[in-house]
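What Swiss-Prot annotates here:
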- 1-20: signal peptide (SIGNAL)
- 21-748: topological domain 'Extracellular' (TOPO_DOM)
- Asn90: N-linked glycosylation site (CARBOHYD)
- Asn171: N-linked glycosylation site (CARBOHYD)
- 220-257: domain 'EGF-like 1' (DOMAIN)
- Cys224-Cys235: disulfide bond (DISULFID)
- Cys229-Cys245: disulfide bond (DISULFID)
- Asn232: N-linked glycosylation site (CARBOHYD)
- Cys247-Cys256: disulfide bond (DISULFID)
- 258-293: domain 'EGF-like 2' (DOMAIN)
- Cys261-Cys272: disulfide bond (DISULFID)
- Cys266-Cys281: disulfide bond (DISULFID)
- Cys283-Cys292: disulfide bond (DISULFID)
- Cys305-Cys314: disulfide bond (DISULFID)
- Cys309-Cys323: disulfide bond (DISULFID)
- Cys325-Cys334: disulfide bond (DISULFID)
- Asn371: N-linked glycosylation site (CARBOHYD)
- 522-567: region 'Disordered' (REGION)
- 522-531: compositional bias 'Low complexity' (COMPBIAS)
- 684-738: region 'Disordered' (REGION)
Amino acid sequence: MTTFCRVLLIFGIYVAVCCAQSVEDDVFHFTNPSQGNAVWILDESSLPWTGGYQFLRSISGMPTTLLSVVDSSTGVTLGQCVAPQDATGNFSKRWERFSWELTASGLDCTFEHGAAIRVEFDRTQNPRTFSIRIQSITGPACLRDVVVQTEQATGCPPHLSRNSFTANALNCSCPFLDAANEDSEIENEDVDMLANTPQFPLFKGIDPSVLGSANPPTLPPSPCANHECHNNGTCLVSQEGAATCLCRNGFTGDRCELDVCSSVPCQNGGVCRSNNGIAYCECPPAFTGLLCESAHTDESVAPICRPECSNGQCVFKDGQAQCECRQGFTGANCNVLDVCLGDAACSMFGPLAKCVLDDNMDKMSSLTLINGTYDCLCPHPIHGQFVDCMQLHAPSATSVQPTEQVVINNVTPSFPVLEISKLPTGAPVTFTATSTTLMVTQPTVTVSPTHQVPSEPFVGFTVTRAPLRPLDIGSTTLPPPFNQHIITAGEPTWSSQQPHQPSEVPTQTTFIFPQTPETTTFAPTTGTQQPVHKFVSPSVPDENEEEEEEETTEETEETFPTPSTMQVATNGQFTTETAFVTSTIPSTTTDMEETDEDEDMTEEVTDSSTQPSTTVFVQPTTTFTTEAPTTTMEEEEEMTTDQVEDIESEEIATTTTQTSLPFWMTTTNKQVVPDSPTPMVIMPHPQPDEKMETSTEGVVDEESDEERTTVPESNEEVVTKNAEATTPSDITHHHTSSGKQSSAAASWIIAIIALIVLGLLLLATSLFILRYIRQSRKLHGKYNPAREEHNLSAAYAMPMSHIAKEERLI
């Protein structure tokens, strides 16, 4: 019995809570008394539109406005359903029934006890869109049983699936539910459901006497109570709480007190109209003009429109010639596209947004077809009126945080901006003094003496980098066809050079790509000047040159003949040396190894020292063995003979030297000024039988002998005053390429060992798994304890066949 009572108790509690919840979910009220509303937006295609609900009158004592219909395009209130006063002076607290029916011509309001009101709308030729509103300012205190087009609102907050609406501050429950005096017994039971709930220790209900004695909350007076709007204007409360007047068409002012047509005297029966605060006269068909002061001429004459109609026809309209535009066009001469056709221009703001052309588009005249300007209007979520969508979706001005002003300073680029410049065609001239600068893979590279070992093939050189500095460019003369490929950096030119003491020694560099012999001369300059760098674009080698190179290729080496020139000053005079540089590359060298060597050279170039002075050291007694290409010896001899004849007239010795360079070549102009604090260069005149040798990264390249051309008139050696020109013998050469090969071999060995160890581990794991499987099968598959016991007993038992029949019977 006790268990049955407990079950009944729990069931009663559940029923009471469910009933209370259903009552609360079926009753609604506006939590914001000043801005709460529910808005539907309709067009004429949705009419007739019906609905209804039960309501409690407004607690303010003013007439309760149950429904308002506003023209969305103009904001004019077309009609309202106001609850009639009762005997209690609108203070009756009981549920009342209200229903409505909206048509294109008017609004029908029906109240209980048969009371009905009909509100007629002003006729218009233009299609209308309606904004139907239930507002909390003077609206009902609570609502329930809301039905629209036979669909009842459900949920909390309420919603309709087929007749959706936008609501603001509309929530479930009603704080005045206990004070409502219902007439019917069913309504009394619904209202007193919470009051008559059984009282249990854990669920104590609310005492009805407490709710009945509580004073209803008082609302502050509306700002529109003391704000009167004239000429049938509508008072609205803004978001800031200020009262504003929404004026009818034709009136303006803070309180709609100004009539825009009062100062426009239309003549000859014309009627003053206004559009957005602008008054104009609507003239009868027989008159025209600003004030309808002019009579029309004979309309039988074909109308002539000025300017001519582009996308329409000229017709008489209201007594004057006007352009009647086709669909999709507007303007005075129908040359303005109606971009609002179909409202696709404002579709990004939602389905309720509409596109409206500017007012002056119908009067705009254009000789060419242009797009019309428009505005996107969206219904305001509070009062439902159409406002600018950009202002509606833009953030409030008060929510914008101040940001710091970004100051952009002029930033000097860290790279040279190159441009193609025209080269002068004047005669080449020599310069006073120069130093040697080489360009490898960085924008600018300088050559300076150091005890660090450079990368192959720059033996005895240290390549350094320095900050970029603007420099001036001198004139340059190059033989065709390479002069059109010179890229100069304009003024100023950005170059990389360490700061050094002022001197009259400008530095000049020419960068020549493979197979491009080049000679560059510069005009003499004085004063402090930084090195200027020239870049020569690579030229495509001829097929004949490639064939000649293939003919001179042997089994063990490959030669690339690349002539270059060098100028050296001797006792204040200039000596020009013409060197035919031949680079030998072993036949076993691959492209990948060449790339590795280039990368090693680039890395050492980056890490080298940055001394400002630049000097090339040449060993006087060194020997160099190489093999000159047989196909180019005659050309070399002719070139050398021509240069010797020119040099003999100037008493300058010409010597042919050779050095080891990479597949590109460098034309270097070197001059040494006597009494200069920088180290000088000694360029001896080697004898025909002498040999020169150079070391590149500790590897000596052995090459075949080559004939050397010397001038018999000059047998003296060049002696400098301030420095010895011998190559430093304490330079330590590094085997960069061999080091990389050894590291690669070590990597392969480690990888092979790792693979072997991994294979052994896999083999051991496989053996372990196989052994486990065999043991598992033996234990779980073939092994049977009963069978084993039987076999064991049979083995030790005496066979019955050896026992006599009599003994077996016993």
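Quick reminder: no glycine exception, Cβ is built from N, Cα and C everywhere.
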**Report entry** Non-local residues, at least 6 beyond the ends, that sit with Cβ under 8 Å of the domain 'EGF-like 1' (220-257)
**Finding:** 34-35, 74-77, 137-138, 272-275, 277, 279, 382-383, 385
Report summary line: Quick note, Cys309 (disulfide bond) and Cys283 (disulfide bond): C-alpha atoms separated, nearest Å, by 23
Report summary line: So Asn232 (N-linked glycosylation site), by the Cβ count within 10 Å over all chains shown, scores 11
Report task. Measuring C-alpha to C-alpha, could you say which of the recorded positions Asn171, Cys224, Cys266, Cys281, Cys314, Cys325 are within 10 Å of Cys292 (disulfide bond)? Result -> Cys266, Cys281
Report summary line: With Cys305 (disulfide bond) as reference and a Cα-Cα limit of 10 Å, the qualifying recorded positions from Asn171, Cys256, Cys272, Cys281 are none
Requested in this report: Can you grab the distance from Asn371 (N-linked glycosylation site) over to Cys266 (disulfide bond)? Cα atoms, rounded to a whole Å.
Outcome: 34
Report summary line: Mean per-residue pLDDT in the domain 'EGF-like 1' (220-257) works out to 84
**Report entry** Around the Cβ of Cys309 (disulfide bond), the count of other Cβ atoms that are within 10 Å
**Finding:** 23
Report summary line: For the domain 'EGF-like 1' (220-257), the DSSP residue counts stand at 4 helix, 10 strand, 24 coil
Query raised in the report: Within 10 angstroms of the C-beta of Cys323 (disulfide bond), what count of other C-beta atoms is obtained when all protein chains are considered?
Result: 25
Query raised in the report: Going by DSSP, how much of the domain 'EGF-like 2' (258-293) is helix, how much is strand and how much is coil, in residues?
Result: 4 helix, 14 strand, 18 coil
